[in-house]
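To keep things clear, I will list the structure first and then write my remarks on it.
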Amino acid sequence: ILKTLNSWFWWENIWMPINVTWAHFVDREGLVFPKPHQLYATIPYAFVLLIIRFLSERYIAIPLAKALGIKNVRRVKPQPNPVLESYFRECSKHPSQSEIQGLAKKCNCTVHLVEKWFRRRRNLEIPTVLRKFQEAFWRFSFYLTSSIAGFIFLYDKPWFYDIWQTWVGYPFQTLLPSQYWYYMAEISFYWSLLFTLGIDNKRKADFMAHVVHHLAAIGLMSGSWCGNYVRLGTLVIFVHDTADFWLEAAKMFNYARWEKTCNVLFIIFSIAFFITRIILFPCWILRATLYQPTYYSTTPVIAYFLFNGQLLILQGLHLYWGYLIFKILRRFIFLK
């Protein structure tokens, strides 16, 4: 069954233009192609990023937070109580008054002690400001580094200025070393974010949106790697990262209570977001993926619909987040 599914998945008609097979993607003089098995390396690379994250958060983010005036608040742990802990995990984190009275009788203690225990236990679930700052610092560091590296990798490429060049010579476009490392770093980063979803600061409003975004990003980059849509893929990555580090910087100064700096950074982020995600992405990237391939092939392959479907999902998320940003800006401008 696995062999059959594997043969279906790698069927040339899904990935390749007409009269092109996987045999054509063998490295030869002057041409190097991306290979699907290279994506396995993103998993160990993700753990390398987690190590870098741990070291940077501990030895850079914490001293920086202290310099900005953020204190490490130590929360008091409740006394170990198996009965209350079991109820907290399996039943409710906010028991009613009658439930508290029942638990007090069961534990042979006062109602006040049970209320105090649940209050302290709930506080342990809330990440401290320092923890939030560390997470924002890591994302800021990666997105800023990725944006700078992306510009260095792309500024001298013809397809950075003329989007039509992304299709010239396709699918026989050679893989550049810069493109390899750009892809490996980005896919590994989103794997690392998925690995730490359980311990990172949980966002109630858009938690599932982040899960969908990370999975869609990994699937899209991995698929574009296999189909050698690397030129377009690097442009998609660059468009996404250039706005994100402004948001993380705004969060960092928000946690430090530098209100004016935070406001300025958030306005810059909002402008960058609307330019890159709401204007450039649909009018530049989606135009290149939906419209331009028809000039190079009269019969679009299945991958055409798969990749564009994922890109449209991302654009839907852009519109959702754009709506949230617009609501914040409206409150900021009219309600101070």
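Glycine is treated like the rest: Cβ placed from N, Cα and C.
Where the annotation comes from TrEMBL, it is an automatic prediction and has not been curated.
What TrEMBL annotates here:
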DNA_BIND  86-123  DNA-binding region
DOMAIN    84-122  domain 'Homeobox'
DOMAIN    131-334  domain 'TLC'
TRANSMEM  39-56  transmembrane segment
TRANSMEM  136-155  transmembrane segment
TRANSMEM  180-199  transmembrane segment
TRANSMEM  261-281  transmembrane segment
TRANSMEM  301-326  transmembrane segment
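Counted as Cβ pairs under 8 Å, contacts with the transmembrane segment (180-199) are highest for 39-56 among 39-56, 136-155, 261-281, 301-326. Regional average pLDDT for the domain 'TLC' (131-334) in the model is 88. Note: the domain 'Homeobox' (84-122) comprises 30 helix, 0 strand, 9 coil (DSSP; helix = H, G, I, strand = E, B).
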